[in-house]
Amino acid sequence: MNKKNTKINPKFLLFLPLLFYFGKRSLIAYDEGFYALQARWIIEKSNWIGPIWWDEVISDRTIGIQFLIALSKKFFGDSLFVIYIPIIFAAILMIYCTYQLHKEFIKDKNEIYSSLILSTTFLWINYAHMATQDMVFSSLVSLGLISTIKAYKTNNKNQILLSGSWIGIAVMMKTYLTAIPLLGIFPFLIRSKLIYKRNFWIGTILGFLPFALWSYKYISLYSFSTYSGLFEKLIFLSKNNHFTNPFYYYLWNFSINIFPWTIPSFIGFFKASRDNIISRYFLYYYPIFILVLLSFFSTKTPYYPLQILSLTSINTYIGIKYFIENNKKNIFFYLEKINFLIIPILTIAFILIINFSEIISLDNKTKPFIFAGGGLFSLVWMTYNLLKNKKRKLNYAILGPYLLISCLVQSGLITDKSKELRIAIEDLVRNENLSNIPIEIIKPEINDDEVISKIIKIMVKTPKIGERRLDNLSELSRESYAWTTKRFDKNTKLKDYQILNEDKVFYPWKLIYKK
């Protein structure tokens with residue numbers, strides 16, 4: 001065996017401060033907290049088939065990400081960090097796929113740069129630290145892209161198997177959304193004749209086995225009418241709803257979310273249109289096709305284009321290289337100055353505004369990281385303009401965002417998302433000795449998104465919660481604790497209940513004790 005090939009490239013250690021945060025974490029309610037609670041109930045109720053919300057089966061989604069989170073908790077214990085283990089593995093897979101895609105499209109030795117660009121893109125790093133199925137799905141799409149290209153070039157049986165198997169696994173994660181990347185790859189599958197190969201279909205069948213087995217068990221337990229909730233969800237999302245946005249939504253939203261790489265990404269995108277046939281297909285036509293298809297769909301969210309970020313990162317690398325190679329004072333020269341001079345100046349101005357105003361409230365732990373990251377980013381990118389050596393310019397182009405995003409991750413700003421509420425609950429549990437006492441949840445009097453969102457975040461941090469949600473206070477047993485939104489008059493409060501905490505951070509919820 002060639003020992004050289006078995007060594008792990010030490011450059012991959014650069015991803016550690018981007019992927020790992022060992023400080024205290026807290027979740028947002030949708031969809032992180034929702035999935036975390038469902039994973040909790042999978043273990044507590046020993047139901048690994050039907051996604052549960054309290055004692056009701058949720059019929060509008062598969063049990064994909066909840067299953068993975070529950071499995072992680074089963075093997076590694078019950079902590080918030082453990083919830084993110086499947087996401088970390090998916091993020092590593094997407095980094096690796098981006099590395100391999102760079103090797104296929106660009107014949108140089110700078111594969112690590114495209115992977116670093118990916119991991120320093122705001123949209124990607126945000127979802128690499130979010131316990132949802134979006135990163136898992138996007139990593140599977142990237143795996144599908146690289147395996148399809150390698151299968152075509154090498155005719156390797158394992159790569160052909162992979163080029164088919166990712167589809168079914170992706171369906172288990174995001175069901176109908178899998179049709180979008182599949183439609184994008186389909187013309188290449190036909191032209192390359194991969195779709196006619198036996199191993200492709202064997203891989204496809206193997207990939208669909210988890211979904212088929214889950215569907216069979218689900219229908220056996222809960223009936224087909226319940227299973228049809230998956231179809232109803234598609235119909236709901238295809239109509240006007242809270243997430244309906246105009247056709248041009250991704251034109252501005254995606255451009256903002258790939259900060260700080262927006263300008264070089266678009267330069268590389270247009271440069272790819274003149275590349276060889278395979279590179280042109282995947283770096284130019286494929287991203288356009290995906291974004292257009294997503295734009296036709298009524299529901300539009302910032303994370304749907306996450307699936308094309310591996311390709312966007314490679315386009316960004318191409319754009320940066322073109323900036324460095326360009327010696328003319330043309331439009332690209334001025335775009336380079338906007339990117340590497342104006343953006344750093346604006347970043348410094350933004351940091352100063354934050355420091356001397358109350359627009360954004362940052363605590364004493366977060367503030368130094370944000371200021372250091374923003375300052376170093378600006379300094380490095382402005383220094384880029386003074387350099388003559390091309391290799392050094394490339395390094396500085398990557399280094400600036402790397403320092404910025406590393407500081408952002410370690411600040412806890414994108415990992416400790418509900419910090420104030422987390423601290424309040426930890427203090428409450430400690431002060432009232434509630435770590436081993438079940439706390440019931442009373443059905444809220446006001447059933448809106450803000451109320452439900454707040455109780456989801458509270459429940460995630462509550463050590464023990466009741467087995468079912470109570471409809472009203474009369475169902476609460478004596479000498480029991482409960483979270484409720486009910487308002488008490490003085491007589492009721494003194495006679496039957498004690499309000500233990502009604503801090504504004506929990507509003508409209510309050511913790512009560514029934515005497």
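Cβ coordinates are placed from backbone N, Cα and C, and glycine is handled just like the others.
Here the structure is a predicted model, which means the values were calculated and not measured.
Features as listed in TrEMBL:
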{"type": "DOMAIN", "residues": "60-212", "note": "domain 'Glycosyltransferase RgtA/B/C/D-like'"}
{"type": "TRANSMEM", "residues": "81-99", "note": "transmembrane segment"}
{"type": "TRANSMEM", "residues": "111-130", "note": "transmembrane segment"}
{"type": "TRANSMEM", "residues": "166-188", "note": "transmembrane segment"}
{"type": "TRANSMEM", "residues": "200-219", "note": "transmembrane segment"}
{"type": "TRANSMEM", "residues": "247-270", "note": "transmembrane segment"}
{"type": "TRANSMEM", "residues": "282-298", "note": "transmembrane segment"}
{"type": "TRANSMEM", "residues": "304-324", "note": "transmembrane segment"}
{"type": "TRANSMEM", "residues": "331-356", "note": "transmembrane segment"}
{"type": "TRANSMEM", "residues": "368-387", "note": "transmembrane segment"}
{"type": "TRANSMEM", "residues": "394-413", "note": "transmembrane segment"}
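Simply put, out of 166-188, 200-219, 247-270, 247-270 has the most Cβ pairs sitting under 8 Å from the transmembrane segment (111-130). Using the rule of three or more Cβ pairs under 8 Å, pairs at least 6 apart in sequence, the transmembrane segment (394-413) is in contact with the transmembrane segment (247-270). Long-range contacts of the transmembrane segment (304-324) within the same chain: residues 94, 97-98, 101-102, 105-106, 110, 113-115, 117-118, 121, 123-124, 127, 134-135, 137-138, 141-142, 145, 177, 180-181, 250, 254, 257-258, 261, 263-269, 271-272, 282-283, 286-287, 290-291, 294, 332, 335-336, 339-340, 390, 393-394, 397-398, each at least 6 residues beyond the stretch ends and with a Cβ under 8 Å from a Cβ of the stretch.
A Cβ distance under 8 Å defines the sequence-distant neighbours of the transmembrane segment (166-188), meaning residues of its chain 6+ beyond its ends; these are 61-62, 64-65, 133-134, 136-137, 140-141, 143-145, 147-148, 152, 194-195, 204-212, 214, 230, 233-234, 281-282, 286, 289-290, 293-294, 304, 307.
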